[in-house]
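S.K.: Below are the C-alpha cells for one structure; questions will follow.
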Amino acid sequence: MHPTTLMYTSSLLLMFAVLLYPLLVTFTSLPLNNDWASSHAKTAVKSAFLISLAPLSLFLSTGMEAVTSSWTWMVTTTLDITLSFKFDHYSIIFIPIALYVTWSILEFATWYMHSDPFMNRFFKYLLTFLVAMLILVSANNLFQLFIGWEGVGIMSFLLIGWWHGRADANTAALQAVLYNRVGDIGLILGMAWLATNVNSWDIQQMFILSKNLDMTLPLLGLILAATGKSAQFGLHPWLPAAMEGPTPVSALLHSSTMVVAGIFLLIRMSPLMENNQTALTLCLCLGALTTMFTATCALTQNDIKKIVAFSTSSQLGLMMVTIGLNQPQLAFLHICTHAFFKAMLFLCSGSVIHSLNDEQDIRKMGGLHHLAPFTSSCLTVGSLALTGTPFLAGFFSKDAIIEALNTSHVNAWALTLTLIATSFTAIYSLRVIFFVTMGTPRFLPLSPINENNPAVINPLKRLAWGGIFGGLLVMLNINLFKTPVLTMPAELKLAALAVSILGLLTALELATLTSKQFKVTPLRTPHHFSTSLGFVPAIIHRQIPQLSLLLGQKIASQMVDQTWLEKTGPKAIANATTPLASATSNMQQGLIKTYLTLFLMTLVLVTLISAT
C-alpha cells in the first residue's frame, strides 16, 4: 500500500476508534461517572479533530485528488458490496470542520445540560449522531452511505424528542421521522434502480457505467431524498418543529450533520446530474422556492430559535440552487462556511435563553450588549456572517453563489427569488440583533445572567474565529473544478452586497418604526401568511388528515354500512320476500265462504286428477 494511502486509512480508522471507544464503554455494566460527558465524550471529539488535521495537511500539501480504501464485505452473483472509504477534498475538508464544530457544541452542552439527570446518555446520542454523519461523508458506496443516512435519521428522532415529557417534543420528533421517511423512499428507490440497471452501488463505477443511460428516474429519487433530509419546500415543516429539542441538538442538527446530509448526497452524485437538465432545473427551482419561502417565514417569527432554524432552511435552499447551477463545489463551500456561524448562532441563542429563565421570545429580551457582552458580540458576528457581510465566513460562499447565478444562462425567476431571499436574510438577521442586544432590557430583573463560564466562552470563541476566518481558509484550500467567470459588470458583482445593504437598512427602519406601535395589529394577510408559515402546516397537518378522516367516515358509515350492507343484506332479503308474503296473506282473509269455496275447488281438482 502506498504510504500516503496508508496514512489516510490509518488516520480515519484511528479517528473512528477514538470516537467509538466512549460509546463502547457505555455498553459495559459499570456505571458511568458524573463527569463522563466532559472527560470521555468531549475529549474523544477533540482528539479526533486533532487526528483529522494530519490527513488534511497532507492532502493540501501534496495536491492529491482522491484516495479510496476498500475491503470486501459481501459478494453476490450480481452485486459486490464493499466497506469502502473515499478521501477526496469533500470528505477530507468536511470531517475536520464537523469535528471542530461538534467539539464546541459538546463543550457548550456540558454547561447547558448540567442539571439533566441523563446527561451521559445525551452525550452518547450526540456522539453516535456525529459518527453516523462521518460514515455518510466518507462512504464510497450507496449502501454504506445509506447506513450513515439512517443513522443520522434515527438519532435525530431520539435527540429532538429528548424531553419526551412534553407533547410538543414528541410531536416534533415524530414529524422529523415521518418527513424523512418520505425522503428515504426516494433514496431506496434510487438505489434499487441503480442496482437493477448498473449492477453496482460503488460511486465511481456508477459514474462510468451510467454514461449511456437515462438517469432521470434515479436522480428524481435522490432529489426526493435530499428534499426530505435537507428540508426543502414541501417536506420542510419538520425543521422549525425540531426546535423543541435542546439547543445543543439544534446546533449540531443544523450546522454540520443531519440537514446538510441531503445536500451532501447530491454533491456526491453531481457527476450523474451534470448532463441531466431535468434534474438540474428541478434543483434550481426547488432551491429558489425554498430559500424565498423560508426567508419570508422567518421575517415575523418571535422565537429566537425558530428564526435561526428558518435561516438554516433558507441557506439549504441556496445550496440547492447552487447544485441546480451545476456548481456542487460552491454548495460544498457554503456548507463548510455555514457550519461555523450557524452553530455559533444556536449556541448564542442557548446562552441567552438560559440566562433569561428559558425565555425564547425576542420581544422580551433587549439590552444584552451590556449584560452579556461576549454572547452579544458573537451573536452579532454570526448574524453578519449569515447576511454575507464582506470578509466574514458567509461572504466568500454566498457572494460566489450569487455571482455564479448572475452569470449563468438560467431562468431569471430563480435569480430574482434568491436576491429577494438574500435581502430578507439581512432583515431578519438585523431584527435578531436589534431585539436581543440593542435598546433597554425588557425582561424580569431577577434573570440569572451569567456568561462567565469557560464552557460558554470557549466554544463561542472558537466558533467566532471560524465565523470570521473560516470562509477565507476554506476558500483558499478548496479546489474549484470549474473556473468561475472572472469578468462581469460592476452592478452584477455588487448585486449580493447591494441587496444585503438594502435589507439591513429596511430592517433598521422597520425596527425603529415598530418600537412604537401605531396600529393595534399589523397588515393581516401578509403577516398572517408569514406567521402561519405559509399555511403549509395547517394544510398538511390539519386539512389533509381531516379530509382523510371525513372521507373514511363517509365510506365506512354511509357507503358501506348504510348503503352496501343494508341494500344487499337485511333490506335485500326483505324486499325479495315481501311480494310473496303479501300474495299469500291476501288469500287468508278470515271469510268462511272463501275457505269453503277453496276447499271444494281443491276437492274437485284432486278427484279429477285421481280419475285420470
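Every residue number used here counts from 1 along the chain in the order it is shown.
Cβ from N, Cα, C; glycine included.
Straight from Swiss-Prot, here's the annotation block:
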- 12-32: transmembrane segment (TRANSMEM)
- 92-112: transmembrane segment (TRANSMEM)
- 117-137: transmembrane segment (TRANSMEM)
- 142-162: transmembrane segment (TRANSMEM)
- 176-196: transmembrane segment (TRANSMEM)
- 279-299: transmembrane segment (TRANSMEM)
- 307-327: transmembrane segment (TRANSMEM)
- 330-350: transmembrane segment (TRANSMEM)
- 376-396: transmembrane segment (TRANSMEM)
- 419-439: transmembrane segment (TRANSMEM)
- 463-483: transmembrane segment (TRANSMEM)
- 494-514: transmembrane segment (TRANSMEM)
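Buried or exposed, and what's around them? Tell me for each listed feature.
M.R.: Same-chain residues lying 6+ beyond the ends of the transmembrane segment (12-32) with a Cβ under 8 Å from its Cβ atoms: 40-41, 44-45, 47-48, 51-52, 55, 69, 85, 87, 95, 120, 124, 127-128, 130-131, 134, 138.
When Cβ-Cβ distances below 8 Å are used as the criterion, the transmembrane segment (117-137) is approached by residues 15-16, 19-20, 22-23, 26, 32, 34, 36-37, 41-42, 44-45, 90-91, 94-95, 98-99, 102, 105-106, 109-110, 144-145, 147-152, 155-156, 158-159, 162, 246, 248-249, 252, 256-258, 261, 264 of the same chain, each at least six residues removed from its ends.
Same-chain neighbours of the transmembrane segment (307-327): 226, 230-233, 236, 239-240, 242-243, 250, 254, 259-260, 262-263, 266-267, 270, 273-274, 280-295, 297-298, 301, 334-335, 338, 342, 345-346, 349, 362, 386, 398, 401, 404-405, 408, 410, 414, 418, 421, 424-425, 428-429, 431-432, 482, counting only residues six or more beyond its ends whose CB sits under 8 Å from a CB of the stretch.
Counting residues 6+ beyond its ends, the transmembrane segment (419-439) has Cβ neighbours under 8 Å at 288, 291-292, 295-296, 298-299, 301, 304, 307-308, 310-311, 314, 317-318, 352, 362-363, 365-369, 376, 379-380, 383-384, 386-388, 398, 402, 495-496, 499-504, 506-508, 510-511, 515 in the same chain.
Residues 387-390, 398-399, 402-403, 406, 419-420, 422-431, 434-435 of the same chain sit 6 or more residues outside the transmembrane segment (494-514) yet have a Cβ under 8 Å from a Cβ within it.
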S.K.: Where else in the chain does the transmembrane segment (92-112) make close Cβ contacts, counting only residues six or more beyond its ends and a cut-off under 8 Å?
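M.R.: Same-chain residues near the transmembrane segment (92-112) but 6 or more away: 15, 37-38, 41-42, 45-46, 48-49, 52-53, 55-56, 59, 119, 122-123, 126, 130, 133-134, 137-138, 246-248, 251-252, 255-257, 264, 332, 335-336, 339-340, 343, 347, 350-351, 354, 453, 455-456, 458-460, 462-463, 466, 470, 474, 477-478.
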S.K.: What residues elsewhere in the chain lie close to the transmembrane segment (176-196), defined as a C-beta under 8 angstroms and at least 6 residues from its ends?
M.R.: 78-79, 142-143, 146, 149-150, 153-154, 156-157, 160, 206, 210, 217-229, 231, 235, 237-238, 241-242, 262, 265
S.K.: Count the Cβ pairs between the transmembrane segment (330-350) and the transmembrane segment (376-396) that lie under 8 angstroms and are 6 or more residues apart in sequence, then report whether there are at least 3.
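M.R.: Between the transmembrane segment (376-396) and the transmembrane segment (330-350), which are separate recorded stretches, there is contact, as judged by 3 or more close Cβ pairs.
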